[in-house]
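A.B. asks: Copying in the features that Swiss-Prot gives for the protein in this structure:
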- GLU187: active site, proton acceptor (ACT_SITE)
- ASP49, ASP88, GLU120: Mg(2+) binding site (BINDING)
- ASP49, SER50, ASP88, LYS118: 3-methyl-2-oxobutanoate binding site (BINDING)
Amino acid sequence: MSVQTTKRRLSPASIEALKGERPIVSLTAYTTPIARLLDPHVDFLLVGDSLGMVLYGLDTTVGVTLDMMIAHGQAVMRGSERCCVVVDLPFGAYQESKEQAFRSAARILKETGCSAVKLEGGAEMAETVEFLVSRGIPVLGHVGLMPQLVNTTGGYRSVGRNEKEVAKIRRDAKAIDDAGAFAIVVEGTVEPVAREITATLRAPTIGIGASPACDGQILVSDDMLGLFNDFKPRFVKHFAELAPTISKAAEAYANEVKARSFPGIEHTFQVKR
């Protein structure tokens with residue numbers, strides 16, 4: 001009898017258990033090569049619907065489809081082996097009913113092999129989160145600024161600037177926590193409120209434009225790598241400046257091709273004699 005051993009990935013439960021132990025590290029990934037580079041350094045990779053804007057040039061995430069998320073989820077799973085992988089439920093794939101959410105989430109887990117799904121929403125989505133979790137689908141919540149609601153909110157701006165917004169964030173975070181999410185992304189939320197809910201929730205909070213007190217942090221990898229120079233959100237730090245590096249590499253390549261210095265003989269195949 002042979003024993004087959006496979007490397008165990010971090011699970012949603014292991015991410016949840018990190019609350020109070022150490023900060024949780026997360027980044028987005030959409031492709032196999034990037035997932036392979038990030039995998040050794042993060043606790044979980046999020047295949048975010050931000051790919052619609054980052055990879056496809058869409059103005060918002062609303063146009064992202066379930067098929068797109070599954071295709072990129074498969075790519076990230078192929079490129080990673082140790083971290084937990086979470087895939088976003090895109091707009092229109094879960095809001096209609098908890099049954100629709102289950103069908104979409106189950107399809108993502110079955111077709112990608114990922115460990116969990118993420119969905120945006122507060123108290124109004126708590127029943128859906130509980131429905132999924134009770135049926136074996138781990139859920140990463142998402143409160144605060146919710147990009148999928150851009151058409152009703154009128155744009156992307158931080159939330160928690162008045163008492164009404166603060167009350168809503170508190171209510172949303174508690175509802176998603178009580179529903180059983182293993183962690184909750186807190187996006188674009190004023191720092192004191194993000195700090196407060198982090199201290200009161202069972203589930204770890206993952207901040208993006210929130211607070212250093214959050215239990216973990218996430219950034220869009222392309223932002224972190226400095227691939228976009230035209231717009232830099234306040235909460236983004238460039239840990240590299242790859243945009244000019246890539247541009248210079250393309251320029252050098254173009255110049256060598258035009259000068260016929262590339263390819264050289266060393267880059268060609270010869271007949272063996």
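Each Cβ is built from the backbone N, Cα and C atoms, and glycine gets one as well.
Provide an account of the burial state, proximal residues and distances for the features listed.
C.D. replies: If you take the C-beta of GLU187 (active site, proton acceptor) and look for same-chain residues 6 or more apart in sequence within under 8 angstroms, you find HIS142, VAL143, GLY144, LEU145, MET146, PRO147, GLY207, ILE208, GLY209, ALA210.
Around the Cβ of ASP49 (Mg(2+) binding site), the same chain contributes THR61, VAL64, MET69, ASP88, PRO90, PHE91, PRO147, GLN148, each under 8 angstroms and 6 or more positions distant in sequence.
There are 29 other Cβ atoms within 10 Å of the Cβ belonging to ASP88 (Mg(2+) binding site).
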A.B. asks: Would you please pick out, from the binding-site residues SER50, LYS118, GLU120, the one with the fewest other Cβ atoms within 10 Å of its Cβ?
C.D. replies: SER50
A.B. asks: Take the C-alpha atoms of GLU120 (Mg(2+) binding site) and SER50 (3-methyl-2-oxobutanoate binding site) and report the distance between them in angstrom, rounded.
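C.D. replies: Distance between the two Cα atoms comes out at 13 Å.
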